[in-house]
Amino acid sequence: MSVERTTAAGGMETSYGFKRVGEGEKQSLVNDVFHKVANRYDLMNDLMSAGLHRLWKDAMVTWLNPPKRPGWKVLDVAGGTGDIAFRIVDASHGNAHATVLDINGSMLGVGRDRAQKKGLSGNTDFVEANAEELPFADATFDAYTIAFGIRNVPRIDVALSEAFRVLKPGGRFLCLEFSEVEMPLLDKAYEAWSFNAIPKIGKMVTGDGEPYSYLVESIAKFPNQQNFAAMISRAGFDRVSFRNYSGGIAALHSGWKL
């Protein structure tokens, strides 16, 4: 779980994997990770989930159930490559408009290229900004989605408050994130795979294992399902619930602005 403390310089510190760093330093370090993996982001998620992330993302969009009518707007945060946004637009039969926000320009570049190739440029726009300081007016969006991104935010509580602010009354919050495995045997197997295999495979495939080591550590430091659900509730959301996937390797959290 991410816990903030005060640094010697007087600022707040937070978790960067298993390390303690200042909030500003974490953002810079995380940006560097995603600059390195932007062009191989799908491969990264395949390694982290043994390919299951594709099924989890499909399940996320199914639970969101975007309406098949014009004018419905979703904000997909930390969604630079467009993976979730494109699924949502497709599920709405081309009616939804998705704003993809990411703090990392390299990830957004990949997303813009993909949108153009898929013919979805008219249904999407890409914004480089911070999840803790969303550049949108109150009550702008019908839904807010974030997949495998919230654990990389230095101040998760601030990001959740911003999510609540930009949603319209009746709006939906959905967060897909790696979580705490709740099956004992699977827990040990996944831990061994994560800490031993993933960084080595990442280095072999991309030439740099450090980003993968951070991502594995960031999962271990993230709040478990119950604690994260409590954080969502504290941000103001109602009807908060979650669903586990693959024994808790991932969890999909839902909340409503009522």
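Glycine is treated like the rest: Cβ placed from N, Cα and C.
If you look up Swiss-Prot, you'll see THR81, ASP102, ASN130, ALA131 marked as S-adenosyl-L-methionine binding site, on the strength of sequence analysis. ASP102 (S-adenosyl-L-methionine binding site) carries a strand DSSP state (E or B).
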I'd like the Cβ neighbour count for ALA131 (S-adenosyl-L-methionine binding site), meaning other Cβ atoms within 10 Å of its Cβ, all protein chains included.
25
Fewest other Cβ within 10 angstroms of its own Cβ, chosen from the binding-site residues THR81, ASN130:
ASN130
Under a criterion of Cβ-Cβ distance under 8 Å and sequence separation of at least 6, what residues of the same chain contact ASP102 (S-adenosyl-L-methionine binding site)?
VAL77, ALA78, GLY79, GLY80, LEU108, GLY111, PHE126, VAL127, GLU128, ALA129
If you measure every Cα to Cα pair among THR81, ASP102, ASN130, ALA131, the residues listed for S-adenosyl-L-methionine, what is the largest value in Å?
16
